[in-house]
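The active site, cysteine persulfide intermediate annotation in Swiss-Prot covers 328 and is backed by sequence analysis. Here Swiss-Prot flags 75, 76, 155, 183, 203, 204, 205, 243 as pyridoxal 5'-phosphate binding site, drawing on sequence analysis. As annotated by Swiss-Prot, [2Fe-2S] cluster binding site applies to 328, with the evidence given as sequence analysis. What Swiss-Prot records for 206 is N6-(pyridoxal phosphate)lysine, and it gives sequence analysis as the kind of evidence.
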């Protein structure tokens, strides 16, 4: 089996741009280059038409109206605009916000910034499977709660939260519900009407589109108001000023159009690859899948290998492009805060690999990856005195390690 290495298995960080998307974008760089806001000539009109077509394609994927789509520079900006924008606008109603400990840093750090501004934030724990306990959420809601923010799909462990149930709870209590759907679009069906979502963050590049473009869905009925965070020419109905990058928007629109059309075949492809990988690593002892395997996107596997050190594992499988933790925080040597929130100990949190498949991943590549990991785990464990002690039946938790 000859497989071209390194094998790219880090699609949750970013996939390549789909060739069909790239082809659609190119004319808007050189030929149809007008500014969509130039309304006095055909260059501007053509660009605006392309932007509105993309807006409609993005809205269609999430069952929204195209007037509810606001373009941003990416999901990080969408999260900032949604959370800060709503918190500032509804300040007179209350100053309490609720989110989850396993959210993306773009949500957690935005919440921390609001805490510095005097808001109160409750960070919910998750269960061992990574899912939010709805009773815990209900108990956290107060009279002055104005916003709840929960991600649809977790970027590290791929678990899918019960967004419709949370939407129901929030709508009943007239609380604004924000969802970070960067990892959900194109992986699971997203319907903002059925799920009663008020604000939804989206990313272009996570769906085989270009980087540097995202969108925020802002509900019109019942209407949600936001305070703008970026001021200027009043673009995007005043929500987000700045010249619209037509080529990026066209790319994101085409990516979302393809994602809607090919969701079923992508899902079948991912499930097949996942089965091949899980079969390939069968028989390795002390392997833990992080996060619920049922309520999960089909292209994500986050696996901890006990008695193997994370950094040495990444180096041992250098023929694979995988990550431990998310790309946004993998430069840090701290164990993943998401895995810690599941109750994993430092050792298991440190020995995790996030393996994420994509549209372009082949069965041969996944087979190769599983076999490589299996052989390297064996070699690394041979070098581990802890593994030897574990195999000898010694309970490592009962040992008092001497401090030096």
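Note: Cβ is positioned from N, Cα and C throughout, glycine not excepted.
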Intrachain C-beta neighbours of residue 206 (N6-(pyridoxal phosphate)lysine), sequence separation six or more, cut-off 8 angstroms: 12, 14, 15, 75, 182, 183, 185, 186
Neighbourhood of residue 76 (pyridoxal 5'-phosphate binding site) by C-beta distance under 8 A, where only residues 6 or more apart in the same chain count: 106, 214
Where residue 183 (pyridoxal 5'-phosphate binding site) sits in the secondary structure, as DSSP reduces it to three classes: coil
Sequence-distant neighbours of residue 204 (pyridoxal 5'-phosphate binding site) in its chain (C-beta under 8 A, six or more apart): 74, 210, 211, 212, 213, 214, 215, 248, 251, 252, 255
Number of other Cβ atoms within 10 Å of the Cβ of residue 183 (pyridoxal 5'-phosphate binding site) across all protein chains: 27
Conformational class of residue 203 (pyridoxal 5'-phosphate binding site) under the three-state DSSP mapping: strand
